[in-house]
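> According to Swiss-Prot, the protein has these features:
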type: BINDING; residues: Cys28, Cys53, Cys114; note: [4Fe-4S] cluster binding site
Amino acid sequence: MNTPKSIPSGTCRDTPVLKERGQREVFCGLTGIIWLHRKMQDAFFLVIGSRTCAHLLQSAAGVMIFAEPRFGTAILEETDLAGMADAHEELDREVERLLSRRPDIKQLFLVGSCPSEVIKLDLARAAERLTQVHAPHVRVLNYSGSGIETTFTQGEDACLTSMVPVLPTTDQKELMLVGALPDVVEDQAVSLLSQMGIGPIRVLPAPRTAETPGVGPNTVFACLQPFLGDTAAALTRRGAHHIQAPFPFGEEGTTLWLRAIADEFGVDDDTFDRVTAAPRARARKAIANASEHLNGKSVFFMPDSQLEIPLARFLTRECGMEAIEIGQPFIHKGLVGPDLDLMPAGPTISEGQDVDKQLDRVRAAQPDLTVCGLGLANPLEAEGLTTKWAIELVFTPVHFYEQAGDLAGLFSRPVRRRAVLKLEAAE
């Protein structure tokens, strides 16, 4: 079997973490609804929030409300915020109206926001009450997407965590893939694993409530995203076993992720090589073509999407880049530890954010590429730095072999663009 690169002796797992707890620049967890509502076809996400929440979702999703997407906002008015109206009665009325108009809804999520958190609206109690009213046709769950409690991708983690306690119990040995991916990418993963003889394979979240996976002591699960720490913990409490592995970004990460699952199911080396040889070769070729402008360049990750550590591993080991600092909102070593193990010590590893201090470090380092949020990119570009929007890495298919070249291309394009602009300026 073609083995990945050797693991360095001194790794980033041993690097002391710089913990920062200052001002931060990041989206709230409501943004997870943008991809979750597309994945879960008979679910509806009802945000209990303000007009700002509604505008965020509508503009980010690029969907007009009259198109009847699978999300909406129950607006908290001034009377609700002032305690002059019974918010629970109004919520019950809105849910009744929604479900009568949309009989296709099988699962309803009540999603908390900053305003609902501030007035201490008990959405957990509301979900229990509404489940009793609308069962068995509709199951009502709740989670928080509030910016007070969550950052960007944590919304998906909170959503999936809310589902785990109501998953059916099973004693069957099954593989559960945890995390929402575009259908075409998920199909690639399932196809590779199925060709190795691994199965049954279930997915959380399932596209329809009737296909919801069971969980029990014989369930093994692998996370598809590095921001699902609470979901992994909840599944473990239900008796499931977590397969730890680097995340499937690039050829190396995908191979090691598949290998960890294959080992769990007793797949021999010949079968593994037969299934993965061709896509691995395609991935290596695509990465080599796309990363030509990345080799020898430096990269600075500001905390945003929770993808930072696995992506830094991909860029340093497969694209020849040097990481100066790898910032991540939260570091869950139970998930990203295998990626940290593959990176040699050297980069600063930071958790959380104090944005002014971090900007000072960016300016001092002058990296060839800075991966950051939308609000920071344009000011840094104006200062002459090359940036990549972190949000693109969440909304673009980047997992597994067939997307490896596209992933490298996302980073190389801004570097190439900067080089062309410098050349034109010199002329």
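Any Cβ shown, glycine's included, is placed from N, Cα and C.
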> Inside 10 Å of the Cβ of Cys28 ([4Fe-4S] cluster binding site), count up the other Cβ atoms and send me the figure.
22
> For the binding-site residues Cys53, Cys114, which one has the sparsest Cβ surroundings, going by other Cβ atoms within 10 Å?
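Counting other Cβ atoms within 10 Å of each of the binding-site residues Cys53, Cys114, the minimum falls on Cys114.
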> Around the recorded [4Fe-4S] cluster site, report the further residues of that chain (criterion: Cβ within 8 Å of the mean position of the Cβ atoms of Cys28, Cys53, Cys114; site residues excluded), sequence-ordered.
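Filtered neighbour residues, in order: Leu30, Val47, Gly49, Ser50, Thr52, Leu56, Ser113, Pro115, Gly145, Ser146, Gly147.
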> Under a three-state reading of DSSP, tell me whether Cys53 ([4Fe-4S] cluster binding site) is helix, strand or coil.
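For Cys53 ([4Fe-4S] cluster binding site) - judged by DSSP and reduced to three states - the answer is helix.
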